[in-house]
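The structure appears below as structure tokens.
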Amino acid sequence: MELKERNFKKIGLICVAVLLCGMVFSYGIFPSILRFMIKQNVLLKPGTQIRDMFEKIPFPLDFKLHIFNVTNPDEIMRGGKPRVNDIGPLYFEEWKEKYDTVDNVEEDTLTFTLRNTWIFRPDLSALTGEEIVTIPHPLIMGVLLMVQRDREAMMPLVKKGVNILFDPLESAFLKVRIMDLLFDGIYVDCSSQDFAAKALCSGMDSEGAVMPHNETHYKFSFFGMRNHTEAGRWVVYRGVKNIRDLGRVVSYNEETEMDIWDGDECNQYIGTDSTIFPPFLTAQDRLWAWSPEICRSLGAHYVHKSKYAGLPMSYFELDFGDLKNEPHNHCFCRDAPDDCPPKGTMDLSPCLGGPIIGSKPHFYGADPKLVEAVDGLAPNKAAHDVYIHFELASICWFTGSPVSAAKRLQFSMELGPIRDHELFGQLPDVILPMFWAEEGASLNKTWTNQLKYQLFLGLKFNATVKWLTIIIGTVGAVGSAYMYFRKETKTTDVAPVDVSTPDTNPSSAKDGVVNVSLGRNLPPVIDGLDKPPKLRATELQQERY
């Protein structure tokens, strides 16, 4: 009996030790090892895999363009409601390359020049690029609307310049071949010696709206000037000294902050360049990225858990918000709070130099009035929302980038009448979509398998160890404790006692008395317990007298 109790005690102690060791390994040792391995893999130090992938992504991003073809331009010129048709997409491969890199060990920064290259893939496109579309004229209307809004005193000079450069001036809309609009370029004749024409050409050149073609002509396109050319000089943190700073933008073109918006807070570089993010983020953190195309940072917020390629992920979405009701963002307004862009949109005119409004495609998530003002729009979450799939434990520790993402942005013109202009005086006040772009990537099996085998199998192993030790340790400890403290209870049968009649020999009853607690018969006579004998009636009578 003593030996069994000692064995139960040993087993219980062993189970408690297993439980404690499992908890220490699962919640202490393994996370520390994993964190150390992640840090070593995501730092932007020379010679690491992540550095090589950061400098040149080994696969192209998906870049898709949709054009909003205006189907009733003449009606709009008379003040009618616009009607558009979303056509596309045109599919391009987008290659990002960072070159001329310089490491600063003391500052823990990496300096590089970014170059974007787009390659058209007609085999993956719904259009050939040869189609003719109609859109608001980006140069004519862009110049007139901006000058009327910000420099009205110059309107007579600008009107004269527009009449010369775009003679004959017949419409506020441009009919153009799609590929000319996007990349090949539209010719602008600046050969006139008239002062107004030369001043207008000089202004468009200085603003970067057009690109010189020869001594007398310029070209305008949405992306041609940026294709396979320098996209700025960047400085970002490498994350060696502080892993939370990994990829964070320090400066752009030697400027540590912008000088675009009316407020210091809006002019800050917040986040990364969107190709890498720091690890160890939580659901409470936003995924911030700064984009020079829109001169501001945007932060995606956590929505719910998700799956990608069978792997558990976290789903993030981007919301443009409502600037009018966000005091900390009033510096993005022209004159807050009365003159802010509608809900779900951004005023990009300070950044792009034209009356351009940014939003999600088809004004998804924006003020419903914007959709109602234009026929042909059909907002759809699956096709038009901005999303990112992340693995929050490490943010894809082998690449430091999202496993699947789609960044979608629509560019619209803030159209309106030109005062005292016989041709453009009846244009409606409307935000008219021109085109929208989708930039995204989804990792294939080659990359998701790396994530699966290098990270998730380790996490599964840790989870298995944790739960096995918890179950075995807890059950074993409780069971051993129960067996150790359990005492055997033995029960003896109690014999029935005969009740004697007065005529029965008293000794016979006494012989049957049982000591229940000791399990042994008591002696037949116990001093002090025998009853006195009964007196006969004659003896009782004599005793009285």
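Keep in mind that glycine also has a Cβ here, set from the backbone N, Cα and C atoms.
As annotated by Swiss-Prot, disulfide bond applies to Cys266-Cys331, Cys295-Cys351, Cys333-Cys340, with the evidence given as similarity to another entry. Summarising the annotation, Swiss-Prot assigns N-linked glycosylation site to Asn69, Asn214, Asn227, Asn444, Asn462 and lists sequence analysis as the type of evidence. According to Swiss-Prot, the topological domain 'Cytoplasmic' annotation covers 1-10, 486-545, on the basis of sequence analysis. What Swiss-Prot lists as topological domain 'Extracellular' is 32-464, and the listing cites sequence analysis. Annotated transmembrane segment per Swiss-Prot: 11-31, 465-485, in sequence order, evidence recorded as sequence analysis.
Here the features listed in Swiss-Prot are placed on the structure.
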{"residue": "Asn69", "record": "N-linked glycosylation site", "Cβ contacts under 8 Å, 6 or more apart": "Val84, Asn85, Asp86, Ile87, Val133, Thr134, Ile135"}
{"residue": "Asn214", "record": "N-linked glycosylation site", "Cβ contacts under 8 Å, 6 or more apart": "none"}
{"residue": "Asn227", "record": "N-linked glycosylation site", "Cβ contacts under 8 Å, 6 or more apart": "Asn116, Thr117, Trp118, Phe183"}
{"residue": "Cys266", "record": "disulfide bond", "Cβ contacts under 8 Å, 6 or more apart": "Met258, Ile260, Arg296, Asn329, Cys331, Phe332"}
{"residue": "Cys295", "record": "disulfide bond", "Cβ contacts under 8 Å, 6 or more apart": "Met258, Ile260, Trp261, Leu348, Pro350, Cys351"}
{"residue": "Cys333", "record": "disulfide bond", "Cβ contacts under 8 Å, 6 or more apart": "Leu323, Lys324, Asp339, Cys340, Pro341, Asp347"}
{"residue": "Asn444", "record": "N-linked glycosylation site", "Cβ contacts under 8 Å, 6 or more apart": "Phe59"}
Disulfide-bonded residues considered: Cys331, Cys351; fewest surrounding Cβ atoms within 10 Å belongs to Cys331
CB neighbours within 10 A of Cys340 (disulfide bond), counting all protein chains shown, number 20
According to DSSP, Cys333 (disulfide bond) sits in coil
Across the topological domain 'Cytoplasmic' (486-545), the model's average pLDDT, rounded to a whole number, is 47
